[in-house]
Amino acid sequence: MVDNLEPLPASLQNLVEQDSLKWIFVGGKGGVGKTTCSSSLAVQLAKVRESVLIISTDPAHNISDAFDQKFTKVPTKVNGFDNLFAMEIDPNAGLNELPEEYFEGENEALRVSKGVMQEMINALPGIDEAMSYAEVMKLVKGMNFSVVVFDTAPTGHTLRLIAFPQVVEKGLGKLLRLKMKVAPLLTQFASMLGMADVNVDTLSQKLDDMLRVITQVNEQFKNPDQTTFVCVCIAEFFSLYETERLIQELTKCGIDVHNIIVNQLLFLNNSHSACKMCASRYKIQEKYLDQIADLYEDFHVTKLPLLEKEVRGPDSIKAFSENLMTPYDPKAKPKE
């Protein structure tokens, strides 16, 4: 009976048309074209959403190369778009590595308090980078983007990023529970350094606000109406193996995943004889495409071509992004 089911549409149209989505993660094994796919998805979303943000969490920060434009840790408008923004963050960075834009509007007392608290945070392993992540998410949430696309690092780092909201929630909760014990020590420490304006209550309120944002993000990440994950792979054994492992881990974490992109595929033209290597690669890819069809019959599987030229710059990404919406046709003439 299952064999009679129609395969799901081979595109990302289902994601682009799902207005409730707030967070879309794009990830997979290194070297499969995640950045090209995430950038292309962001471009398509920008056509139908009011404002779109793409965030690179990969230390390699390839979205600057993809759009041929330098991005920073603060959302920057992408050239050629009115409603598409990009930023690059290091999820392993600490609070002191965040730019001043993250702390605009805070009084000097809170800035001093943050510096003192930083010393204490350093004594709690993992809390520093967790709070840095919390600051980033608070900034992103405050800007009210319609949807946020994450261009993630290779699989291991991605799973850690997905779990970060839970880590932050626990870490901030621990800090707040220690508040009564920390407050006198913080005041005394500040006094010894001649910092009379340290306001523990203000800093505590900031932690409360941060915890509230992260708790909300954590809930949204596990809501399939608001969050989903797109797996990118190529038709080879190791990539397929990594994809299956990623899907299993995402399922354990309660993260929705029902889209797979198979990138860098050969589409042989029957009117021309293929070289021996191309014919061999084509057979290998066909074998793994059959396996993908069997394993993921309830997934949207989008097939993207291996191109002669690299996809770089806004115009190239715009053209390539059409393949996410309409299955690639090797006979169709490329758009100029």
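Every residue, even glycine, has its Cβ placed from backbone N, Cα and C.
Note that the coordinates shown come from a computational prediction; the quantities given were computed from them, not determined experimentally.
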Per Swiss-Prot, what member of ASN218, ASN259, ASN263 joins LYS29, GLY30, GLY31, VAL32, GLY33, LYS34, THR35, THR36, GLU236 in binding ATP at one site? ASN263
How many other Cβ atoms are found within 10 Å of the Cβ atom of THR35 (ATP binding site), counting all protein chains shown? 25
Quick one: pull the CA-CA distance for CYS275 (Zn(2+) binding site) versus GLY33 (ATP binding site), whole Å only. 24
If you count other CB atoms within 10 A of each CB, which of GLY31, GLY33 wins among these binding-site residues? GLY33
According to DSSP, which kind of secondary structure is THR35 (ATP binding site) found in, if we only use helix, strand and coil? helix
For CYS275, CYS278, listed as binding-site residues, tell me which one has the smallest number of other Cβ atoms within 10 Å. CYS275
